[in-house]
Each structure stands twice: as C-alpha cells, then as structure tokens.
C-alpha cells in the first residue's frame, strides 16, 4: 500500500495544476528512470514487486514470531520440506505476470530469486545499474535457487551454522531465536572444514579400498593356488597310495610263493619219511608172519633147524627199526609260521601329509661368544620332523628395514645341513654385531626363526713390553704396568715411549674395525692418561697433546679429556677405581665410562683414518688392563646414560700446567 501511495504522489507531482490524472498513460520511475506505462486500470494495474514483497513478508512474519512462539517452534510446527528438483523439461512459469495462466519464464534472476518471462524481464531489469549486476540464468525451479529453508522461520534460507547444536540456521535464529547465545560459523568456513575432512576421509577410504582390493587379489590368488596345490596333492596322494598298494600286492605275492615253496619242501620230506616207514612196515610184517608160523612148530629138531635163521632176521629187524624210524619233528607241520603286520599297520594308520616345520627359536641366553667366534643355540617344536637346519648370518649394519637387508642375500653367509640344535661360527670380526637366522628344513619346506642380534667380544690385548717406557715394569702376563725407577736396563728403540715425566705403554693390537670395550683398574693412581692413538703419535710426550691421540686423563684432582693439546674438564667421582673405554671404530666414536656407577663421562667423535692402538700413560702407582670384555648392559641403551661433561667458558682450554 505504501508503494502505491508513493506512485500516486509521483504521478500527481508530474501533472499541471487542475489537470486530471486519469488520462495520463505513463510516468517515469524515480529509481531506475524507466518510463512506466499504465493500462486502463491506472495505478491499480501496476505489476507487483515480488522481490520486495517477499522481503516485507518475511520480516513481518519474523516480527510476529519469537524464540518462544509455539507457532514457530520446531517441536510444534510440522516440517515442510522444500520442493524437489524438477525433471528436465518441466514447465517453469513467470512469477511476475498478472495474466492467468502466466507466460513461460525465459530467465531466472538469482539475485531477485524470481523467474521472468521475456516481457517481464525487460520491464523489471533494464540495462542499467543496479540491475546489470543481477545474475541471470536459464529458468530453474524455485526450490533450486532458493536452497534450504530454516526449520524455525518459514521461507528464511539457512545462511550460517550453529556449532553448539551442529545444525544449519538462518540469521533470525541467531538474532532472535534459540541459537542467539550459541557459537556459530559461516557456511563457507564450515563448508571448507567439512569438505576438507570429507576429502581426507575419502582419500583414506579410497586408499583403504585400494589396499583391500590388493589384499583381495592376493587372497584370490592364494585361493587359486590352493586349488592348484590341492589338485597336485590329491594326485600325489593317489600316486603314493597306489605305490603302497602295489608294494603290498608284490609283497603278498612274494610271501605266498614262499609259503607254497615251504609247503612243497616240507611235504616232500614228510612223504619220503612216510615211504620209508611203509617199507620198513612191510618187511616187518613178512618177518612177523614167518616167525609166527615157526612158533607153531612143535618138533624140536625141525624148529631148531628153521627158527635159527628167522630168529637172527627178527633180531636184526628189531635192531634196524630203531635206526630207520625217524623222530617226528612237529616244526615240520608249519605251525611255527606267523604273519605279523602290526608294526606296518601302525605305520599305515599314521600316514599323513607332511608340513613345513614351525620356525625355530634362537636361545640368546644360551649363546656364547669370544672375540672371533659365536656359538648359536636354538630350539624347535618340531624337532622330529626336521631333517636339517641351515644357519644364516651377516654383519648388522644398523639398517632399520630388516626386510631390505634380508632380501640382499648376497651379503649373507650360509651354513647348510646342520643336524644339531647348535653351531659355532668361526673367523668372525671382533667387537662386531651380527644378525643370525636359523632355518628348519624338511621335505615339505622350510621356515626361518626371528632374527637374533649377537655380538663378538672385544679384541683382547696385552701391554707390549717392546713399546713400554724404560721406567715401566710390565707384568709377566702383560696386563699390568707399574712405575719402576730402578728398571733402566732396557735398550731404547724408536717404538718405545721416551718422554720425561710421563711413562707410556701401548697394547699389542691395532684396531681398524668393530666395537671394542676394555676397562682399566686405576687403583690409587692420581696421575694417568688412558685412550687410543695412531701408530704415528709421538712417543716423547703425554698422549693427547697431539692430533693423533685421544685420552681421558687425571692430573691430581682434575679429570679432563684431551686431544690435540686441548682439554675439557669432566665431573668424575674422585674415588673412581675403574675406567671403561668403548672404541666404536665403525661409528667414529671413543667413549669413556665410570662402570661402577654406570655413568657416561665423555665421547669423542672422531673420523678415524688409520688403525688405532690402546695407549696408557702414568706418573705414579700402577694400572691393570682388563681387555676382551663385552660392553656392559647400560652402554647398550644410550638414552639412559648421563653425560657429566662440564665445559668451561670455552669448550677447551690450552694444556693444564699441572700436567706438564
């Protein structure tokens, strides 16, 4: 109504005094300067501004509704879903036409949210600002561009997101609705976050699906292989059983022949005995008849004349019958023959297919080592089904990916055909970690144990008396050195230590690989230097005062580490009686420890270029060497060590006066 009044005032202001307004057919819009044509209805025939009317209607409804209004409550008002998208080819009418039915729309203004026919579009969107910025698209259904509507405020589009309730809301919900105190986010921010999350999850899901597809392909391949192997094993089973039955058939035939042959032999022997008995019986019967006939003779002369010959024959027949009649042997009746296949039946009942043995397990607690050997012990659950073992080993290089190391089999040494559950490997590098695998083998296949890391002991050594200072006394076992001012009979040689005020000695080995640990019992000595040096290090000065030696030193109450005449103080318990030295040549490190207290004192990082020799220098008392030792457990876990280095203002200071 207010808009109509405004148009009436404009029309009246454009007329001259006393002129009637009815005959006027057009006037100019003050906003867009477009000339508005009037029909026979005059101002009543003007087209309605649908966009403005929608805005007015929405705010009027919003002003009547409140956060507690039952009519606007989400709980009480039934949900009316937005119209569904129209299918292609649906007729879209102009929303600005007054005629009935309205004309077909040719464009939809996204800005106005109204579809226009060609005539209404020209009337409402002249080629002037601000209409030139309106976005016109092909006609679309109303629900398509209006988007989702608010559930609590009818015809209000959602334009923000309530974080607290996790739902879409409109501006009125935040201003006057139940979400006014809730945290909200813009749709674009929420869109980006949710889109990013969805894309990430989708990527992971696609990746997972790819992994599942690969896994499924492998499973299908395994299923196919199972089918192939099953057919092969079934054919092998039939072949083996046929061979067994053939063996049984052949053995049956052989045994049956043996039985028949034994039967014939025994019957032939018995038949001969029967014939002999029959012959003897016939002769005896004739002789008996003759004797009985003679016994009937009563004439003594005739009896004596005929009976004498018969009596002799009867006596001879009686005597010979004891020899000719054989003893009956009941074994000839074939009763001591038996067919006992119970053992074979048990074997047949135990017939089954053979599987690869279970992986053996290396018993690291039973394994032993020296400086150049390692004895590996293992156990197997299927010991009786294992035909042999195979031992594989290689130097542990610190590779994190064991699979890549295992695949490079060229670097592995293999010991085949081991029958026991232990084996000693000789010729190993001292102070070196190795990886060992044990493979259990039978006709069905083989399986490997888990890898076991074992280490050879450090290189053992003794003090070399040929290099010791003339004022040092070296024990017969070469493990102890002691200052001895009276020992001056030794001849001087270029390799012998010859410094004044310091008495040095060296080990009888030069180390160029591996990890080696030894300890030095310093006892009550208060002036010593212990470390390593190249062969070229000067012999006429304290070790550590040149670039070819690295030492830990005590000078009265000062404990220092020294290299190239530079020193750094180290905090050490003054009553320390043993010093541990760890030379990791392969990793370019020389470390010193207090083994009694499991403390790390200092580590030199050295790029060794030549073999090094253990070196010792004392001023008073004596030192004792303990070499070839395994590294203590606390050294294997460097994260548990404490470094007690206490640098001065500069990391190193020039040589201490007290050590000169």
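Cβ coordinates are placed from backbone N, Cα and C, and glycine is handled just like the others.
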Kindly point out the range from 62-86, 87-111, 112-136 that TrEMBL annotates with region 'Disordered'.
62-86
In TrEMBL, which of 160-194, 195-229, 230-264 is tagged coiled coil?
195-229
Take every residue in the domain 'B box-type' (145-187), average their pLDDT values, and give the whole-number result.
82
